[in-house]
Amino acid sequence: MDFYEQLREELKKLEDSGLLITIRTLESAQGAWININGKKVLNMCSNNYLGLANNERLKEAAINAIKNWGVGPGAVRTIAGTMKIHEELEKKLAEFKKVEATLVVQSGFNANQAVIPTITNEEDGILSDELNHASIIDGVRLSKAKRYIWKHKDLNSLEEQLVKAQRDNCRRKLIITDGVFSMDGDIAPLPGIVELAKKYDALVMVDDAHGEGVLGENGRGIADHFNLTEEVDIEIGTLSKAFGVVGGFIAGKKVLIDYLKQQARPFLFSSSLSPAETAAALEATKILYESDDLVKKLWDNAKYFQSKIKEMGYDIGGTETPITPVMIYDEKKTKEFSSKLYEEGIFASSIVYPTVPKGKARIRVMISALHSKEDLDFALSKFEKIGKSLGTL
């Protein structure tokens, strides 16, 4: 059997098991309502938390940047690809995050790849929450460090693993956790993690992709939310969710950022963000710096939708953020529920095994500051209608 036939067989297996990903194409900009294949639907599955992906200020900033700086950076950051606008973004992000310095890279995924293998190796131990993001898992693999996986949000389990790492005489101990876990919307027990890190002389790294622009003062993230900015050694952020653009960043002490500029492969061997992306991200940072109006609107919407859907009889688990997992449990019924939502004009994705454990299938609803009360009421009415028709209510 040749290579391509093998690929066809693998794709067929995915299709037969119901795991083949279907990619829908948007025919409009991101917004509360979007067009997909000629159909107008309420968007309840994007990460556009604050509605900045099609914001006029960001678009104007991007257009002006193209006029002034061109469309591409032309090189990697260390040769001729660092423009003044890149440094302006990094400075503003550092001010916003209340840290000494930041480093912007091509994506949040790349940010984890830039940090983890650069600061750890075979002599070190990495303590990772079992539900951490794929980019963390891959970064840990690349580092070749010893792995100590602790049970999700279980501080007793973390301490047990720290004791093991200490017995193994690890040179460095790096605790890594997501800030907000994207499937359930729960947040990391950061105060307890920091306390254990001090006790066992470990570093703390938080990937706050879903916390940036959502938690903390003006959306500064989970470290600010818990007033622990000084205690967290490394924060990873993304510019593609609440910030509405694309890219990732690393926030921390200047010496860390200086070291990453010398050694981090994703920084050294990839071109920098385009001027348009950089300018738009800078404008998004300014908007968050200036006002918390969008963050407040996001939370008002989330609290309204979550309270109403719980009153309806749905289980939304232990979410602590606008991420709302509407539990259906049964895989087949969850997929059918998602299809019926789409027929009724709502785009909300089904999350099933293996993304989540068997029997934990859900519709993951992503609330945005762009949603109006009428939008949310429309969605609630459809959840009630479909729930009754499928017997999930």
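Any Cβ shown, glycine's included, is placed from N, Cα and C.
Since this is a predicted model, take the numbers as computed values, not measurements.
According to Swiss-Prot, the pyridoxal 5'-phosphate binding site annotation covers Gly108, Phe109, Ser182, Asp207, Asp208, Ala209, His210, Thr238, Leu239, Ser240, Lys241, on the basis of similarity to another entry. In this structure, Asp208 (pyridoxal 5'-phosphate binding site) belongs to neither helix nor strand by DSSP; it is coil. Annotation for Asp208 (pyridoxal 5'-phosphate binding site): spatial neighbours Asp178, Gly179, Val180, Leu215, Gly221, Ile222, Ala223, Glu235, Ile236, Gly237, criterion Cβ-Cβ under 8 Å with sequence separation of six or more.
For His133, Thr355, the entry in Swiss-Prot reads substrate binding site. DSSP assigns His133 (substrate binding site) to coil in the three-state reduction, outside any helix or strand. Residues within less than 8 Å, Cβ to Cβ, of His133 (substrate binding site) and separated from it by at least 6 positions along the same chain comprise Asn112, Asp178, Ser182, Asp207, Ala209.
Taken from Swiss-Prot, the feature N6-(pyridoxal phosphate)lysine applies to Lys241. Taking all protein chains in view, 25 other C-beta atoms sit within 10 angstroms of the C-beta of Lys241 (pyridoxal 5'-phosphate binding site).
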With H, G and I counted as helix, E and B as strand and the rest as coil, say where DSSP puts Gly108 (pyridoxal 5'-phosphate binding site).
helix
With the fewest other Cβ atoms within 10 Å, the residue among the binding-site residues Gly108, His210, Leu239, Thr355 is Thr355
Would you kindly give the Cα-Cα distance separating Thr355 (substrate binding site) and Gly108 (pyridoxal 5'-phosphate binding site), rounded to the nearest Å?
19
Cα distance (Å, whole number) from Thr355 (substrate binding site) to Leu239 (pyridoxal 5'-phosphate binding site):
24
